[in-house]
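K.L.:
There's a structure below that I have some questions on.
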Amino acid sequence: MTTLSHDSTTMPRTQRDTRRMNQFVSIAAAVAGLLFGLDIGVIAGALPFITDHFVLSSRLQEWVVSSMMLGAAIGALFNGWLSFRLGRKYSLMVGAVLFVAGSVGSAFATSVEMLLVARIVLGVAVGIASYTAPLYLSEMASENVRGKMISMYQLMVTLGIVMAFLSDTAFSYSGNWRAMLGVLALPAVVLIILVIFLPNSPRWLAEKGRHVEAEEVLRMLRDTSEKARDELNEIRESLKLKQGGWALFKVNRNVRRAVFLGMLLQAMQQFTGMNIIMYYAPRIFKMAGFTTTEQQMVATLVVGLTFMFATFIAVFTVDKAGRKPALKIGFSVMAIGTLVLGYCLMQFDNGTASSGLSWLSVGMTMMCIAGYAMSAAPVVWILCSEIQPLKCRDFGITCSTTTNWVSNMIIGATFLTLLDAIGAAGTFWLYTALNVAFIGVTFWLIPETKNVTLEHIERRLMSGEKLRNIGN
């Protein structure tokens, strides 16, 4: 599909053709998000049984959770090079193959050390997918649907989480954690098949000097040949910078600003604290008075469904509401939710809680997750794919995605330690304070990029405009 050398004018395409191609690209690439979500969700239900099987301490439990994030940071760190050399399409293929290997290795682990290694391999795959899929979608989509297409990736992440929670709930009666982990290989095989039929990114093709192929792909994706030609001309204009990556980062202040903003955005996303709910939901609900594994898993499933439905709404609102309003509202909702959840858990610690506080705790986790799903979860990935200059996009997104996974690893590897050190209330109130701080950062620094082309954002950035104004 990407090695077409004949003149595309001999192959007229209808708007229906372009719509179908855009839908296929969106769905196929977003399956990478499904894999990501499956792994986030599955460990929450599997961890109690893994802990019993291997007799794990709290520290080892944290490492079973966070070893995946360590691998993801490694995968994201090297994926800039991989994506530049192989292209976005074949980077997704490599990630899918590694996902199969990591899933099978986790299911057949005979020691905690073997499980940790398999989880790291799985993490490398997730790191590749989390880097490549949003980048690929941002480069394939037109500016008016770019946010929607990238939000589809986040929707598939949440669908994966819900599917994992359903699987965990089903297997929780038998405690079969190996089946919980091994079943993840199946969607990875589906992704391998889908990637075969994906076209290469036109921006990557143009960067490699393959302009005829780039225009052919753009004609598949855009409503008219004129739009395809105009976009290719803009891409070629942005490629006139002679340097790229690290070399450009060292000498160009504006590039450094974009890279550091992407890193800050990803750190903000993780330090909202929402992923600790995904990783440790059964433990949180145990602290909130749900005594049986089945009760904890049902409450966890409710949170997962909330995440999925809120993300579904976000898919259709992110390109209408804008990036900044979504972030400001989302951080506010998460601040309130973690504040009240901390209060509820303090009452349970003091032994003064009523049964109603158990359900209020569930309600607050649902509120937090809904706020996250409609703001930081999709919007940060959208912004990070939008703000990087083309010649430095691989490097910039490598830096931001690596920051995401390092931050993710930190929150995953410290949650149980924080519970022991400052208690459940103190832990969630810490995240309340961070979310309040992020509201201020959004006002001060974050740009609005709704309905703006990537090339226009790049021109504003490189002209030295304030970061909050580069989307204007």
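Heads up, the Cβ atoms here are built off N, Cα and C, so glycines get one too.
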K.L.:
Is it true that Swiss-Prot lists Arg16 and Arg88 on the same side of the membrane?
P.N.:
yes
K.L.:
Taking residues 6+ outside the topological domain 'Cytoplasmic' (85-91), which of them lie with a CB under 8 Å of any CB in it?
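P.N.:
Non-local partners: 2, 79, 128, 131-132, 135-136, 139, 195, 198-201, 204-205.
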K.L.:
Looking only at residues six or more beyond either end of the topological domain 'Periplasmic' (347-361), which have a C-beta under 8 A from one in the stretch?
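P.N.:
Residues 284-285, 287-290, 340-341, 423-425 contact the topological domain 'Periplasmic' (347-361) from elsewhere in the chain.
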K.L.:
The transmembrane segment (298-318) and the transmembrane segment (405-425): do they have three or more Cβ pairs under 8 Å, with pairs 6 or more apart in sequence?
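P.N.:
No; fewer than 3 Cβ pairs under 8 Å.
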K.L.:
For the transmembrane segment (155-175), I need the partner stretch with the highest count of C-beta pairs below 8 angstroms, choosing only from 64-84, 115-135, 298-318, 362-382.
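P.N.:
The stretch with the most contacts is 298-318.
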K.L.:
Residue list, the transmembrane segment (326-346) vs rest of chain: Cβ under 8 Å, 6 or more residues beyond ends.
P.N.:
272-274, 284, 287-288, 314, 317-318, 353, 357, 360-361, 364-365, 367-368, 370-372, 374-376, 379, 423-429, 431-432, 435-436, 438-439, 442-443, 446
